[in-house]
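**Student:** Straight out of TrEMBL:
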- Arg47, Gly72, Asp145, Leu146, Glu172: S-adenosyl-L-methionine binding site (BINDING)
Amino acid sequence: RFAVSVGYWKDPYIQYFVRQAKERKAPEINRGKLEWEWEHLTGYYARVHGVSYLIKAFLEKTECNCQIVNLGAGMDTLFWRLKDENLLPRKYFEVDFPMIVARKIHNIKSKPPLSKPIMESHSGDSLLIDSHSLDSSRYSIVGADLRFSSDLEEKLKKHSLDIHLPTLLVAECVLVYMTPQQSANLLKWAASTFPVAMVINYEQVNMRDRFGQIMIENLQRRQCNLAGVELCSSLDSQRERLLLNGWENAHAIDMMKVYSFLPQADVKRIEALEFLDEKELFEQLMQHYCICWASKDSSNL
């Protein structure tokens, strides 16, 4: 919310989910990835653009004849932003803990700029909404625990998940909170369920070096346990996890590399927004997060 208010990128919807923070954030945090003092890891400019680039590439390849499943979506606003750009998939699903989902649904119901786009994109029978789920023809929110994939599949199918449609799964700082076995089960379930699929995973990497250890210690001090951090030891370990769980092709790059790939005119624009004092710290932060993506493609998209 703070990064949006300063002008790093446009998101007219985040204001309806998140109150404006009173304290000022350090520039390397807005541009990069981590704020030591925050309980939850939050993504900023490079993450938003990097993940968005891959999502749009998938939508383009499938000509939007696909579905997106956003795992651990929290207060994400992607559905509304895609609708504004006329890039909605056939169906967009979000999954999170029932408590988070209840909060999001309450915001949607009470704020017309959020509910109106859902009504506009809805067709057919009446829209279903209760405290822990929302189901319209184009957008669904499901309250479920990602650590139990059979429960997840059952709930998604109730909301018209079509396993034959090309499917994109997005997980941003989600798998790292699950044990290696739990995240393996989730990835295996997705790879074996959808004949044509892609997964995007954004999270920590290079966590075995001194900088990574300090990050872990800082989080532990705030009672934030990264149960799956051992799989974040390198780009290779991130790729291997995907390949070992049924995905055919897998790639991983750190966020410093992502940052160097972004349109340079826009990078110059955001670098002028706030003075970046600690270039070295910024680079270290960026080298400790990555975007991984993998695909399974029976129809050669």
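Backbone N, Cα and C define each Cβ position, glycine as well.
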**Student:** Looking only at Cβ atoms, how many others are within 10 Å of the one on Glu172 (S-adenosyl-L-methionine binding site)?
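**Tutor:** Excluding its own Cβ, the number within 10 Å is 22.
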**Student:** What whole-number distance in angstrom separates the two most remote CA atoms of the S-adenosyl-L-methionine-binding residues Arg47, Gly72, Asp145, Leu146, Glu172?
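**Tutor:** In whole numbers, the farthest two Cα atoms are 24 Å apart.
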**Student:** Just to be sure I understand the packing, how many Cβ atoms besides its own are within 10 Å of the Cβ of Asp145 (S-adenosyl-L-methionine binding site)?
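**Tutor:** Neighbour count, Cβ to Cβ under the 10 Å cut-off: 15.
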**Student:** Relative to the Cβ of Leu146 (S-adenosyl-L-methionine binding site), which residues of the same chain, six or more apart in sequence, are found under 8 Å away?
**Tutor:** Leu71, Gly72, Val95, Leu152, Val174, Met178, Gln182, Leu186
